[in-house]
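Look at Swiss-Prot and you will find SER28, GLY29, GLY30, PRO31, ASP32, SER33 tagged as ATP binding site.
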Amino acid sequence: MELFREILKLNKKYNLIENNDTIVVGFSGGPDSVFLVEMLKKLQYFFNFKIYLVHINHLLRGEDADSDENFSFEYAKKNNLEIFIKRIPVKEIAKEVGKTLEEVGREERYKFFSEIYEKVGANKIATAHNKDDQIETFLFRLIRGTSLQGLEGIKIKNNNIIRPISEIYKKDILEYLNKNEIQYKIDKTNFENEFTRNSIRLNLIPFIEERYNIKFKDKIFSLIEEIRENNQNNSLNLSNYTDSENRIILEKIKFLSDFDKKNLLSLFLNQKNIEVNRNKIDEINSLIKSNGTKKIDLDKSYRIVKDYTHLYIEEKKENFTIVNRVVKLKIPSEQIFDDFKISVNIVKNLDIPKKKNQYLLDALYNDIIEVRYRKEGDRIFLDEKHSKKIKEVFIDQKIPKDMRDRLPIFLYNNKIFWIYNVKKAYIPKINKNESKLIKVLITVEEVK
């Protein structure tokens, strides 16, 4: 009962679980996840909320993994809980994308959580991180190099992700389960030194406890709490410096001191769980002061990009290659062009709000509108006599270089009339069949 009081206390402090919540729980069948669900079931006597379990078989441990999967299914059945199970070939994916098993496992895990989250209409994801995980994460980040924000450990509440047992030690969890004869599975890889975190758990912490201080973990957790309080008191409000697309607005931070800028950058990266050291923060700070569009790799998955007005994080993808592809849209029609859905509709009501993603064109019924990417020498008309190279338009408009080859360009009668999201051109009047001209509304929606 003492442990449950700790859970209640933590829940009250951080508002982790409330009435009418729908919670997706990561369930491995191990002691931590079993203990988490047992505590959540007890919390249902105090709050009205739903629980759904998610189990992932990473196909790394053969029969052991299958045994865990079967146990998870039976546990859910016994406790009248709905469970979603998925098998993911983590080793094959890691080899294909050039990432570690841990990285791929984490990415695929949260990807599946998100899928189930949408399916059941959840508003929270609960993970079974315990107090030992907090301490191991602190040491792992300290060894690799990180910021003060990184040394906070694993956040108890991070947007929609909650960790209700994150202040309970593993030994107390095991003692509770064994005392109450609650079954669980043991992942044998937790006792192997193949993964860095396992090595910290199995070697480093026991060595320090035995040689220097038996209460080492308590001391580290006290330090984590102190760092959290310090960060909370000193941290800037990130939302004051970012736009609706979560990009840092450079104009708003130019008068901040270097100290505040670096703190802001740490907060900015930490929200995506990107771990970087002090040198990388210094490098990004120098990037902010430079001219033009530049970027820096953060890790295997992300890079940070500075353009003329913003600083933002982007996911690394395969290099984008321009293809000589032309999509021809008959008036009226609708078609997908890579990451864009393009609709061409005839309109009679001319009182249409002007939107950035729309173009109102005079054209002939059944004529063709072409869509493609830019080509060498492309020009756009500014008025009846003057045109300009699209390359120069991009420079004038300060369009980032990596975006210039991704913007759809629209042509009618072989003349460019619109660079999507950048510039609308002057269109000469059509002399022939002018009486048959109709109003055509072109709408572009990004579907990626």
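Here the Cβ of each residue, glycine as well, is placed from N, Cα and C on the backbone.
Feature map: annotations from Swiss-Prot on the structure.
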{"residue": "SER28", "record": "ATP binding site", "Cβ neighbours (10 Å)": "22"}
{"residue": "GLY29", "record": "ATP binding site", "Cβ neighbours (10 Å)": "23"}
{"residue": "GLY30", "record": "ATP binding site", "Cβ neighbours (10 Å)": "19"}
{"residue": "PRO31", "record": "ATP binding site", "Cβ neighbours (10 Å)": "22"}
{"residue": "ASP32", "record": "ATP binding site", "Cβ neighbours (10 Å)": "23"}
{"residue": "SER33", "record": "ATP binding site", "Cβ neighbours (10 Å)": "24"}
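Secondary structure from DSSP puts PRO31 (ATP binding site) in a helix.
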